[in-house]
Amino acid sequence: VRFPEDLEDENTTFNPEYSHQVFGDDEVAFGYKGLKILLYYIAGNLSTLFRIEYTSKVNEKFDCVEADDVESKIREIIPPGFCTNTDDFVSLLEKEVNFKPFGMLLHTYSVHNEEAGEDITYQIYKADMTCPGFREYHERLQTFLMWFIETASFIDVDDERWNYFLVFEKYNKDGATLFATVGYMTVYNYYVYPDKTRPRVSQMLILPPFQGEGHGAQLLETVHRYYMSSPTVLDITAEDPSENYVKLRDFVLVKLCQDLLCFSPGKLMQGFSQEMVTEAQQKLKINKQHTRRVYEILRLRATDMGDAEQSRSYRLDVKRRLIGPYKKKQRELAKMRRCLRPEELTNQLNQIDINMQHEQLEESFQQLVSDYRRVLERLAQA
């Protein structure tokens with residue numbers, strides 16, 4: 001909500017992707033007809049208005065059953081101090097002009113908005129719990145995780161190893177410059193013996209109204225650039241990354257790596273090398289596993305897949321990596337031959353069908369090439 005009229009505007013509304021963490025696996029609230037759970041957030045500081053509406057509700061006295069206590073379920077995830085009536089919320093909206101982003105400005109960029117017919121400015125900040133008001137703001141911000149990240153949990157904000165990176169949109173209202181929350185990322189700095197740290201991305205969310213505009217890539221690249229300048233950082237990883245995050249990371253890392261000398265077309269065609277691992281880690285804080293994916297994507301770009309020899313060479317190179325888990329199974333099988341009784345061995349052999357492995361390998365390869373092509377298409381448009 002930026003203006004009072006946004007309260008009635010369906011265009012500013014977005015629905016949760018997940019509600020199982022609040023309402024159970026079936027995502028059901030029992031005992032209501034026409035139930036609406038309404039959560040409004042002021043665009044910048046995320047002050048909250050919470051209302052529940054329904055046309056009817058089961059009555060314990062007459063129906064002998066009790067409706068779910070929806071309000072207490074929501075109260076468990078939104079911090080206290082929220083509004084319950086619109087007038088209080090609108091009066092808070094008038095004070096929004098005083099809200100400023102927290103922490104240190106890292107990056108400013110603009111995105112052309114077709115609808116508005118103008119470039120809109122965005123800024124990325126790094127904050128921590130010492131910033132006045134940030135703790136309370138973060139409590140409101142993290143409530144979005146429950147609705148948009150499938151396995152979300154709230155973090156221990158008293159642990160000083162957390163870093164917070166925030167994206168804001170700058171907009172004008174009655175001649176004043178205001179800020180709207182776009183998304184954020186939390187990063188935990190793990191200690192690596194003897195004197196290094198390994199930042200690990202824990203949570204990343206771009207709010208639905210801003211998705212598909214490139215903010216995730218801007219945020220991830222800014223975070224990488226922030227840590228790249230630190231001599232004590234070993235490399236940057238991610239905790240249990242989603243499929244979408246992996247695609248985003250592929251794009252950002254390929255964009256960062258493509259100008260390194262070790263990834264020149266001539267060197268790519270010679271195969272994956274230790275030089276690539278060393279240079280990507282030292283200059284860009286990218287680990288070996290991620291560097292290998294970058295190499296495969298850039299080598300695909302340098303390969304003429306219409307040329308039988310080049311295509312075969314690329315396919316074999318990627319499949320040699322993909323076959324690793326299957327080779328591990330073969331080693332396990334060799335151990336089983338020595339240890340298991342014949343009937344147990346037959347049972348295990350049935351699970352490791354060689355033909356099936358070849359099919360799975362080819363399937364994995366084709367899926368990978370398809371994903372890689374999408375990264376290269378996006379890179380060509382960047």
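Glycine too: its Cβ is placed from the backbone N, Cα and C atoms.
Keep in mind the model is a prediction, meaning the values are calculated, not measured.
As recorded in TrEMBL, the features of this protein are as follows:
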DOMAIN    3-150  domain 'Histone acetyl transferase HAT1 N-terminal'
SITE      Trp162  site 'Interaction with histone H4 N-terminus'
ACT_SITE  Glu239  active site, proton donor/acceptor
DOMAIN    249-300  domain 'Histone acetyltransferase type B catalytic subunit C-terminal'
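Across the domain 'Histone acetyl transferase HAT1 N-terminal' (3-150), DSSP helix (H, G, I), strand (E, B) and coil residues number 50 helix, 37 strand, 61 coil. The 10 Å shell around the Cβ of Trp162 (site 'Interaction with histone H4 N-terminus') contains 17 further Cβ atoms across the protein chains shown. The C-beta environment of the residue listed as 'active site, proton donor/acceptor', restricted to residues of the same chain at least 6 apart in sequence and closer than 8 Å, consists of Tyr188, Arg200, Val201, Ser202. Predicted-model confidence for the domain 'Histone acetyltransferase type B catalytic subunit C-terminal' (249-300) is 97, expressed as mean pLDDT. DSSP places the residues of the domain 'Histone acetyltransferase type B catalytic subunit C-terminal' (249-300) in helix, strand and coil in these numbers: 40 helix, 0 strand, 12 coil.
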